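Going by TrEMBL, these are the annotated features:
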DOMAIN    11-206  domain 'Succinylglutamate desuccinylase/Aspartoacylase catalytic'
BINDING   HIS21, GLU24, HIS116  Zn(2+) binding site
BINDING   ARG63, GLU178, TYR288  N-acetyl-L-aspartate binding site
BINDING   ASN70, ARG71, TYR164, ALA165, THR166, THR167, ARG168  substrate binding site
ACT_SITE  GLU178  active site, proton donor/acceptor
DOMAIN    219-299  domain 'AstE/AspA barrel-sandwich hybrid'
Amino acid sequence: MTSCHVAEDPIKKVAIFGGTHGNELTGVFLVKHWLENGTEIQRTGLEVKPFITNPRAVKKCTRYIDCDLNRVFDPENLGKKKSEDLPYEVRKAQEINHLFGPKDSEDSYDIIFDLHNTTSNMGCTLILEDSRNDFLIQMFHYIKTSLAPLPCYVYLIEHPSLKYATTRSIAKYPVGIEVGPQPQGVLRADILDQMRKMIKHALDFIHNFNEGKVFPPCAIEVYKIMEKVDYPRNESGEIAAIIHPKLQDQDWKPLHPEDPVFLTLDGKTISLGGDQTVYPVFVNEAAYYEKKEAFAKTTKLTLNAKSIRSSPL
């Protein structure tokens, strides 16, 4: 009789990244703690390595030094000849790829959890890069169920024209974790507790999986990116309107074509427009002003995963 399960190799190597953005302090704080005392993140038979990814940015409490570390893990940057003239984050990317990769190789770490904060009101958010990955869908389902009744959202960044080249993408299973709202350069106990629990449940899932537990078929609700929306701008390219009060803090809530999204200083309201209801995320994210992103539109859909179990060693 053939098994209906998807057999996956046991997970052996896991990394937890903090400080990819040096002013997002929850991950920095947790990773530094786990480097001193990693008892709570250890699981039998599993290597779990906490790591500060951008130490210079962490020391200066800034997002990055030369360029965004979370956008440079592409073949072009990873393949550049080593030189002191390279941007600091490109050199760090090459170093991280050497330590935890190489990207797209059998030697790369199985899972990387990359810890982030957002100034947007997004609560606990898991970032998924592949809608067809049964293992990650099962993991995210486990985390969401374990956190309940606390909401946990899944942001699917799979898009043909949006390439992120994330720090975590060197792993076989990349997992982005965003928790907010939290100002840059600030620690909040409630946000820290939520992120800590997300990592605990994720590691428990991996442990159970490695122990041979069968996870039956499941489904999760996800929010898939459609497009990024910039602020209205004047002829000089400066922002000409701000996020409307009725949109502020309304991440994940339905946004209808007639709903207001921007407000000019002379009181003019600008509505969403279009012909469909969307779900906004990263609303008024402080770090995205430089990226010309006021919020991202998403559409809501359901992803299904087959039953999984670990394959015998």
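Keep in mind that glycine also has a Cβ here, set from the backbone N, Cα and C atoms.
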PLDDT averaged over every residue in the domain 'AstE/AspA barrel-sandwich hybrid' (219-299)
97
Here the binding-site residues are HIS21, ARG63, GLU178, TYR288, and the Cα closest to that of THR167 (substrate binding site) is found at HIS21
Long-range same-chain neighbours of TYR288 (N-acetyl-L-aspartate binding site), Cβ under 8 Å, sequence gap at least 6?
PHE282, ALA294
How many Å lie between the Cα of ARG71 (substrate binding site) and the Cα of HIS116 (Zn(2+) binding site)?
14
Which of these binding-site residues has the least crowded Cβ, counting other Cβ atoms within 10 Å: ASN70, THR166, THR167?
THR166
For GLU24 (Zn(2+) binding site), identify the closest of the binding-site residues ARG63, ALA165, THR166, judging by Cα separation.
ARG63
Listed binding-site residues are ARG63, THR166, ARG168; which of them have CA atoms within 10 A of the CA of HIS21 (Zn(2+) binding site)?
ARG63
Measuring Cα to Cα, how far is ALA165 (substrate binding site) from GLU178 (N-acetyl-L-aspartate binding site) in Å?
17
What is the Cβ neighbour count of GLU24 (Zn(2+) binding site) at a 10 Å cut-off, with all protein chains included?
28
State, in Å as a whole number, the widest CA to CA span among the N-acetyl-L-aspartate-binding residues ARG63, GLU178, TYR288 given in the record.
15
Checking the contact step here: among the binding-site residues ASN70, TYR164, ARG168, which have a Cα within 10 Å of the Cα of GLU178 (N-acetyl-L-aspartate binding site)?
none
For N-acetyl-L-aspartate, residues beyond ARG63, GLU178, TYR288 with C-beta within 8 angstroms of the site's Cβ centre include exactly HIS21, GLU24, HIS116, ASN117, THR118, THR119, PHE282, GLU285, ALA286, ALA287
